[in-house]
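The transmembrane segment annotation in TrEMBL covers 48-68, 80-99, 111-132, 168-192, 204-225, 237-260, 281-305, 325-347, 399-421, 504-524, 530-554, 566-590. What TrEMBL lists as domain 'Cationic amino acid transporter C-terminal' is 569-595.
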């Protein structure tokens, strides 16, 4: 991969200018005919079914067993299914953006790679470390939630062997979890064997989890028709907290969809990324949304929302109808969900480390790929050691919110990258075929005049960056031997107007993002004086609306058809869809702290809630 660097001299820029220039330089995307990474190449073993297993397994965690009760009691009531539907629609916006970029730029770097190509090195560095933090903390938090559930399956708290049970270290106030560390090491070893083998195991574990959820749906539907769906026959109606409560609930359950982006990190290992990646992301998200809605419809119908247990809503709903044994099936589903989420959390991080090492942002140690298994074994081992250490000796619940911060930041940058891809692609634009011979002859003659060596024949694309010295594209530097080329050729006017259009589009995208942040921050911060708050809302809304109008009116860049690997998924409703996605993600980022404190329960805490209770306690 190359970089878009300045080919002109840096005279007068200085140290500060050089630093800024380094932060905003962008990496060129690999094309379908580009160079292969050689010993860095990963094994192309994944199909659509593998991607669906990764997406569903990484998304459906034990948190859904808790969110159903919490959000129904405090926000949505019987309208919980609509909250999941709206949240699924919001997640689909990010999924569309991921699908286009993953199929056009199939690299292991995921959002880091897209940010480097479209935005710049500084933002890519930030996104890369946010993703590393997300996957490390997320995997550790999930691992610590597994041992309590295993204890419940084997007879209750304290039933695990001594070498697996949690132990408190006297004098240090630390509770170590050997079971969590061992599970992390097992998953690490499995990931080192090969991507196909690890994905197959994840598919089996995910299937068990899905069977548990299907049991909840089928058995719950039977009980609902038998008892008359008492949860829906309430005098408060379908919206006891109003439509605002239902929308607030959708903002909370949005975090139940975090995880499908793990599919994009395996893009380099997919056999046919242009076809399989969009299908894998789309099917995985559709399955998760459907299961969430069906489970919420059944559980809310069995028990009135105000009577639901916020800690164990599904188990208590079945226990209220005399099915005490169902707690074991539900707990087994929670264990499988946690194990699948653990694998989904640890799979992407070694590939992020490998991508950053390829670009020189990390030591080359992390970019090595094992010749036999064709996976980044060294990066995987380092990831496993870090996650196992955190899971063994740290209470990561306080850091679990950072998982959502990293994900939302990645979602936002992916949506911005789609806008940049459509309006200001960073590397190349197509040149009309009628001008190709003229461009070749002019370039050849110009190189001979300037004393340069004869270059290879120009391809069907030419750079339009400001650093380009091709005389036809620069215009001002056209050789005197061809005075009529610039004056009479209409394509020169096309290139000049295209440069102006790119500048307008670039500034419009920047101001649109500023407007989205200003609007969401002012609308969410009630501490701001009302006059200032309304002014900021108006200013941000005006920038956002103006940006949407401008991007709708101006034409998209023709280079988008040839960006990276052609023939991939095309994101619909540009620029409306990416801008709406940016607005939603920034809103969730701004309000993340209050959402975490008020309602959202991290996955690890969700697992411990099931594990701390014995079978009798849960049914009570």
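Placement of Cβ uses the backbone N, Cα and C atoms for every residue, glycine included.
TrEMBL: automatically predicted annotations, no manual curation.
Just so it is clear, the model here is predicted, and its values are computed rather than measured.
It is 80-99 that, among the stretches 80-99, 168-192, 504-524, 530-554, forms the most Cβ pairs under 8 Å with the transmembrane segment (399-421). Residues of the domain 'Cationic amino acid transporter C-terminal' (569-595) grouped by DSSP class, helix first, strand second and coil last, total 19 helix, 0 strand, 8 coil. Averaged across the domain 'Cationic amino acid transporter C-terminal' (569-595), pLDDT for the predicted model comes to 84. Counting Cβ pairs under 8 Å that are 6 or more residues apart, the transmembrane segment (48-68) and the transmembrane segment (325-347) reach 3 or more and are in contact. Counting Cβ pairs closer than 8 Å to the transmembrane segment (566-590), the top stretch among 80-99, 168-192, 204-225, 237-260, 504-524 is 80-99.
Within the same chain, residues 53, 56-57, 60, 291, 294-295, 298-299, 301-302, 314, 317-318, 321, 323, 326, 329-330, 332-334, 336-337, 339-340, 343 sit at least 6 positions outside the transmembrane segment (204-225) and bring their C-beta atoms closer than 8 Å to a C-beta of that stretch. The highest tally of CB pairs under 8 A with the transmembrane segment (168-192), across 80-99, 111-132, 237-260, 281-305, 325-347, is held by 325-347. Proximity of the transmembrane segment (80-99) to the transmembrane segment (237-260) is established through 3 or more Cβ-Cβ distances under 8 Å for residue pairs spaced 6 or more apart. Long-range Cβ contacts of the transmembrane segment (237-260) within its own chain (Cβ-Cβ under 8 Å, at least 6 residues beyond either end) map to 55, 58-61, 63-64, 67, 70-72, 75-80, 82-88, 90-91, 95, 98, 281, 284-285, 288-289, 292, 305, 341, 344, 403-404, 407, 587-588, 591, 595, 599-600.
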